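Pulled from TrEMBL, these are the features on record:
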type: ACT_SITE; residues: S153; note: active site, nucleophile
type: ACT_SITE; residues: D181; note: active site, charge relay system
type: ACT_SITE; residues: H268; note: active site, charge relay system
type: BINDING; residues: R195, D197, D200; note: Ca(2+) binding site
type: DOMAIN; residues: 4-335; note: domain 'Lipase'
Amino acid sequence: MWRCFEPYGCFYIGPPWSGESRPVSTFPARPDSINPRYLFYTRENVGGPYELKIDKFGTLREAAIRKKNNLYLIVHGFLDNGDNTWVMRTMKELLVREDCNVVIVNWIGGAGPPYTQAVANTRLVGAMTARMASQLAKIAGVDPSLMHCIGHSLGAHTCGYIGYFMKHTYEVNLGRITGLDPAEPHFSNTSTMVRLDPTDATFVTAVHTDCNPFISGGLGITQPVSHIDFYPNGGRNQPGCNEGVLNSITLESGSFFRGIKRFLGCNHIRSYEYFIESINSACPFLTVPCSSWDKFQEGSCFDCVNQYCPRLGLDAQPGNYHASVYLMTGSGKPFCKGHYKMTINISKTNESLDHGGEVGTFAIRVIGENGQKTEKMQLSSHSKYYEPGSTHTVVLAGNIVGKPEAVEISWEYQASVFNPLTWRLLHTSRVYIDSLTVENLESSHGYVSRDPVATDRRITNKINPTSHSRLQN
């Protein structure tokens, strides 16, 4: 039940490394078989890395490491490698943002099938990388608190092992971990020792984008595994991921293989696409703590708790408690959007009551202080019944246009022969609106308002009770 790989330690495959959530448990492959490579980049050598050798400490001494600057470890996942486009893009964006150290952990020798073996190999890769990182601290003088491990899928859990071994074997604390859609198979509902966990670094965040059940094709873990767990679009069914295989091939410059891979794993890879965009984006990727995605969508959690609205990505800051947070994105680049809380009150005047309710959809366009307009935002994805005197609140994603100043609203009546509520034989479809209130999350937190005094993010169009707004189609 034990196997040792000196100097990296011994590995046990009994509980908690085996059990109902992990029916197959195996030992890691040999270190010389996995053979992880550590490719070191700075602004001076973006075009060609310097390789750090884990068994040759001289390479650590000779590396041009900026010991007072941040050091990022980038770890890929299953069936992936350190030359992958997303890995290289992350490295380059980090170096654009700041004068830092970047180490790409390329463990392609252990990331291939079968999946169960790759899962086992992550433990040894974590132990080997922890040894390398601790030696960087000892020999090159890098402060471990400045080390930040960024891992996707299996790479997210590998970051967890790196932090675990640094703490328990080398008695230093890894500064930060970002888990990009941590893998679900063989990790869900396991011990904290087995999966990514908040104790693995001083500050741990995770971005969940593929939380559908594994039997339905979901690859990411659903349960919270960090200090702040980000759930873009509820953590599943990301916008733009249902547009067909041909669109995926087009996005991969016509490559059939990469296009198929993107199509099958679109939700899973959105995690690193959001993260990469966030590195140098002026758009804040603002999120809100909430008990559920449904509560967030209906506007119950639109106000930040104690002004704490974490930003997805590199700019996330720790709070004083663990949180699950939510945000909405667009279907394509740029993914970052603003959040608009729309509250529409249907009039209950005699005229409105006499006319009765209507079935249809509202489309709203917000106009900002500089005259910019959002795209049309549908109040609901399908037709619904609007009864006189009713109130409807929803949060929608739209382009950021600054502090809201005005709105354009339109009504679309949709008749159906199967729904008597939509039959209009003797009169025109119309709906009477008492008021429409628009709130913008981003402008209330100073990200887009150009006037530091004007912090009100809300506008309310209140219609005169004697002449209520009437939209007809």
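Cβ atoms are placed via backbone N, Cα and C, with glycine included.
Annotation: H268 are the recorded positions among R195, D197, D200, H268 whose CA atoms are within 10 angstroms of the CA of D181 (active site, charge relay system). Considering only the recorded positions R195, D197, D200, H268, S153 (active site, nucleophile) has H268 as its nearest partner by CA-CA distance.
Sequence-distant contacts of D200 (Ca(2+) binding site), defined by Cβ-Cβ distance under 8 angstroms and a gap of at least six in the same chain, are C159, G160, Y161, I162, G163, Y164, K167, L174, I177. Each of H157, G160, G163, Y164, T192, M193, V194, L196, P198, T199, V204, V225 belongs to the same chain as R195, D197, D200, is absent from that list, and has a C-beta within 8 angstroms of the C-beta centroid marking the Ca(2+) site. Neighbour count (other Cβ atoms within 10 Å of the Cβ, all protein chains): 25 for R195 (Ca(2+) binding site).
Mean pLDDT of the predicted structure over the domain 'Lipase' (4-335): 93.
When the Cα atoms are compared, D197 (Ca(2+) binding site) and H268 (active site, charge relay system) turn out to be 20 Å apart. Other Cβ atoms within 10 Å of the Cβ of H268 (active site, charge relay system), summed over all protein chains shown, number 25. Look at H268 (active site, charge relay system): DSSP puts it in a helix.
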